[in-house]
Amino acid sequence: MEGGNSPSLQLQQLPLATAAVSVQPHTDSFSYKENLIGALLAIFGHLVSSIALNLQKYSHIRLAGSKDPRAYFRTKTWWSGLLLLVLGELGVFSSYAFAPLSLIVPLSAVSVVASAIIGIIFIKEKWKPKEFLRRYVLSFVGCGLAVVGTYLLVTFGPNSHEKMTAENITRHLVSWPFLLYMLVEIIVFCLLLYFYKERNANYIVIILLLVALLGSMTVVTVKAVAGMILVSIQGTLQLDSPIFYIMLVCMVATAVYQATFLAQASQLYDSAQISSIGYILSTTAAISAGATFYLDFMGEDVLHICMFALGCLVAFLGVFLITRNRKKPVPFEPYISMDAMPGMQNMHDKGIAVQPELKASFSYGALENNDSMPEIYTPATLPIVQEQHGPKGVSAPPYRVLEHTKKE
C-alpha cells in the first residue's frame, strides 16, 4: 500500500513544488522592478533639484552683476528653477513609495555629483588642460566613486517590499526594536541639544548630528505618508486613518526643525563641510532607522548586506572628495580694519575694528575734504599722540584714542 501510494503522492506534490519555484522568481523580479522604479525616481529628483538650485543661484548672480533693478522673484530664471525644484522634490517623495528607505536615502549623492559637474561645465575661468586636470582631479575621482557606489547600492539594495497600510505602520510603530531605537535616539538628541544650547558647543559634528537624528525621523514618516498615498491610489483607502495624519504632522515638524539647524550650521561653517559630513551622518542615521522601523534587511543574506555597505562607503568617499575640492568663499570686508595694519594697535579693548558711521559720504576723512560738510556729518578723527618716553625709559603707547562728542 505504501509503495503503491508513493508515486501518486509524488505526482501530486510535483505541481505544488513547481508552482512554488515559479512564484519566487516572479516575486524577485517584481521586487527588483520596484527597486529600479524607486531608484530612477530618486536619481531623477535629485538631478532636477540640483539643476534647479543652480538656476536660482545663477539668477541671483546675474542680478547682482548687472544694473537690473528687478527683484529675483520677478525673473523667469528664478521661477524656472522653483518649478524644477518642486518637480524634483516630488520625484524624491514618490520614490519612497516604491523602494526601501535604505536604498533611497544614499542616492542623494547624485545631487552632489550633479552640482560638481554643473560647476565644472559652467566655470568662468579659463584654465590650461594640465592646470584644469590638476585642479579638478579630486572632483573627477569623487564623481567616479559616487557613480560606482550608486551602482552597488541599486544592485545590492534590500528587497523588502511591504504595503504601507495603516495596520502595518501601526504594528511597526509599537514594535519593541523601534521603541528601543527611539529611546536611544531621544536620549542622544537631548544630550546633544544640551551641549549645543547650554554649553555653547557649536561644533559642526554636534549640529549635523542633530540634523541627522531629525532627518532619520523625517524619512521614516515620508515613506509612511508616500506609501499610504500610493496604496490609496491603488484602491485601498488609507487617508482616513489617524496614523496617516500623525505621520504627516511628524514629517512636517521634523523637516522644519531640521532646516532650522541646517541654517544655523550654514552661518558657522563652510557649505562643503556641511555637504560631506551631513551626507555621511544623515545617511547612516536614516539607514539605521529604516532597518529598525521597516526591517529593510530582514531576510537578506550576508553577501548582499556587505556589498550594500561597501556601496555606501564608496559613495561616502566620493562625496568627501568632491566637496573637499570646492573653493572656500573669501569673506568680503566693506571697511578697512585698523588693527590689520602693521604697527597699529587695536582701537578697542575687545578687539573690534573701528568703522565710522556713514551718513553722507563713504570717505573716512582722509581722502576727501570735509570742510564744506556740516559738522554732524564729519567723521571723527583720531588724534595721534607722539611717543613720549618716561623718566625711567618706559615708553608710553604710541597711539591713544581720544573720545569726542558732537560739541567738540
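Placed from the backbone N, Cα and C atoms, the Cβ positions cover glycine too.
All TrEMBL annotations are machine predictions without curation.
TrEMBL lists 36-56 (among others) with the feature transmembrane segment.
Taken from TrEMBL, the feature transmembrane segment covers 77-97 (among others).
Taken from TrEMBL, the feature transmembrane segment covers 103-123 (among others). Beyond the transmembrane segment (103-123), the same-chain residues lying 6 or more positions past its ends with a Cβ under 8 Å from any Cβ of the stretch are 35, 38-39, 42-43, 46-47, 49-51, 53-54, 58, 92, 95-96, 136, 139, 142-143, 146-147, 149-150, 153-154, 157-158, 219, 223, 275, 279, 282-283, 286-287, 290, 296, 311-312, 315, 318-319, 322-323.
The transmembrane segment annotation in TrEMBL covers 135-154 (among others). Counting same-chain residues at least six beyond the ends of the transmembrane segment (135-154), those with a Cβ under 8 angstroms from any Cβ of the stretch are 35-36, 39, 43, 103, 106-107, 109-110, 112-113, 116-117, 120, 127, 307-308, 310-325.
Sequence annotations record features per position, and here TrEMBL assigns transmembrane segment to 174-196 (among others). Sequence-distant neighbours of the transmembrane segment (174-196) (same chain, 6+ residues past either end, Cβ-Cβ under 8 Å): 202, 206-207, 209-210, 213-214, 216-217, 288-289, 292-293.
Marked as transmembrane segment by TrEMBL: 203-231 (among others).
Within the same chain, residues 166, 169-170, 173, 204, 207-208, 210-211, 214-215, 217-218, 221-222, 224-225, 228, 274, 278 sit at least 6 positions outside the transmembrane segment (243-265) and bring their C-beta atoms closer than 8 Å to a C-beta of that stretch. Annotated transmembrane segment per TrEMBL: 243-265 (among others), in sequence order.
If you look up TrEMBL, you'll see 277-296 (among others) marked as transmembrane segment.
Positions annotated as transmembrane segment by TrEMBL: 302-322 (among others). Under 8 Å from some Cβ of the transmembrane segment (302-322) lie the Cβ atoms of residues 102, 106, 109, 112-113, 116, 138-139, 141-153, 155-158, 275-276, 279-280, 283, 287, all in the same chain and six or more residues away from its ends.
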